[in-house]
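Taken from TrEMBL as is:
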- 104-172: DNA-binding region (DNA_BIND)
- 190-258: DNA-binding region (DNA_BIND)
- 292-356: DNA-binding region (DNA_BIND)
- 380-448: DNA-binding region (DNA_BIND)
- 452-519: DNA-binding region (DNA_BIND)
- 538-604: DNA-binding region (DNA_BIND)
- 606-620: compositional bias 'Acidic residues' (COMPBIAS)
- 631-646: compositional bias 'Acidic residues' (COMPBIAS)
- 104-172: domain 'HMG box' (DOMAIN)
- 190-258: domain 'HMG box' (DOMAIN)
- 292-356: domain 'HMG box' (DOMAIN)
- 380-448: domain 'HMG box' (DOMAIN)
- 452-519: domain 'HMG box' (DOMAIN)
- 538-604: domain 'HMG box' (DOMAIN)
- 602-646: region 'Disordered' (REGION)
Amino acid sequence: MNGEMDASTKDQVWTQDDLLNLLEAMKVNLPQKDLAKYKTSESHLDWEKVAFNSFTGEMCKQKWNEVSKVIRKFRTLTELIFDAQDFIKNPYKGKKLKKHPDFPKKPLTPYFRFFIEKRAKYAKLHPEMSNLDLTKILSMKYRGLPDKKKKKYLEDFQKDKETFGHSMSKFREDHPDLVESMAKKGSNVPEKPRTPQQLWYSHEKKAFLKTHADATTKDIKDSLGKQWTQLSDKKRLKWIAKSLEMHKAYEEVMKGFIETHPELNMSNEDIVKSTLTKAERHLKDKSDGRPDKPPPNGYSMFCAELMSSMKDVPSTERMVMCSQQWKLLKQNEKDGYQKRCEQRKKEYEVEMNRFLCVSLFFYMYVCLPSLKLQPSPEKPKRPISAMFIFSEEKRPKLQQERPDLSDSELTRLLARMWNELSDKKKEKYKRLETVLKAESVKKGQEERSRLPDTPKTAQDIWQQSVIGDYLARFKNDRPKAQKAMEATWNTMEKKEKIMWIKKAAEDQKRYERELSEMRSPATIIASGKKMKFDGEPKKPPSNGYQKFSQEMLSNGELNHLPMKERMGEIGGRWQRQPQKEKDRYKKIAEEKQKLYKVELERWLADTEDDDDDDEEEEEKEAASSDNDSSSAEDSEEEDDDDDDDVSFQTWVKFIIAVGNYNGALD
């Protein structure tokens, strides 16, 4: 090793072969299944058994402590030994070449040569000056130096630069593997995305230099730094959006780069996680409509409210003062904060689900409008009508006769021709329509009659995941591999089977779901209409105008008008209403909103209870159907119940949120 030897091993010289023998001896004395933390395995290791040749157990332990200092320690001891072997063979792997003892030093620039030469002199002349002030003075002196005097420093720099080039060439010849690996790692790596502030800084720097040509780098940073802190949220969001776009493109490029360069040993962990600060992320979430996360408990809520009035207090003292003030509160006051916190959590859950659902709705129907137009590949196409068959037959001939007509004009002409056609001639096309419709119905029945794939057992799923290893072990002898897998499965403990039992339960649910979908296909919801659940309270008007509109539409006074004119008349009447009447309608709408909120929460709670009862019945059925794994499955399905409950609640709130969103659009 490069470090000095400890006192106990000073007389003994460790060669590279000795170090590799030490690691091999440690590996032999470790258990075959080394799954414990490396510290645990290290403490249980018998160093006297590790000792070899003239090296005692204590000497081996001390040498291992030296080696392990340069290795990552978040894995098992067996894995650490592999890393240690790589380090012994190539101690500079992954490090900068500048740390290598043979790596030549870069030549000093002309300014640094002048700085080193003059610094001692100016330090004696101005002992009261700090290092920063001395550096500023010497920098100004060098800039004002005549070219004749600067020539000396430039010539010395050029000589050292040539020497450095020759030394670097020699280093490349002596260590080609190191230079090549570092060159590969540093070349072609995608550039990291820039933060919003960096993007804004690059944009503003050019404009700043036009008006301040003599500004130094420090002046630019100080001036633009103050401007960034005073930037409005609207302008800051613009640069946040640009940074997020760059980060998204960077992630895609980086994933492809990692796949095409496996020799660099890079993983997804090397990808930059985010370019936004906590404050920028909060601003972006706020602009997207994401609700603020509530405090976890009453004490946190108390601290948050108190800290808003403690801006002048140092941050180190704030929590101490909050704790002291909290202790002075009475128990009923503490309970009040806790109740407020619980209420805020419920409101946050509703707001968060509404935000997620509206975001999903916006993404599906605005960002991906093609989803609405693309029919499902599994769903049979609707048969074409008799008029469409007639149009397709006559269209080519008409296009030749009337090339001056557009497609829409041609379609209108074909429609008129169809209407003028006699019933006798129409009969031919109607027969074709009947045939095509019968074929479509038959195809749909065939699609529904196809049963889904039968569910797999836990043993089948496990065998499918390990079949490759067993076939390799038994040289592709499938019967022997099958027997070995069955024997292994029978000797496995229930704890080891839990994961596969859970996957089998999921596959069973998948089978039942697909089977129920085939027997009773989902109904198609008309565009713009909301699915209505049993017992769900009716959504009230959101404002006074909606309440007024409902009254006008329900009394039948305007039924003689078309809907468009009807709504125009209602809008005109609303404008002519006195302010007192408008306030009365507004008050009625607010009261109905409050009542709706209470009824909705009660309905959701009742739905949750019913869903829990259904899940308990499913658990009992699952437990009785699998006697071999009942105890393990029961211990794991509690989490599944919670997930199913949340998914149902989320679905209910999604439907409600989409309805609210559509109402807001109206």
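For all residues, glycine too, the Cβ spot is worked out from N, Cα and C.
In the DNA-binding region (452-519), helix, strand and coil residues by DSSP number 56 helix, 0 strand, 12 coil. Helix, strand and coil content of the domain 'HMG box' (292-356), in residues and according to DSSP, is 50 helix, 0 strand, 15 coil.
Mapped onto DSSP helix, strand and coil, the DNA-binding region (380-448) counts 56 helix, 0 strand, 13 coil.
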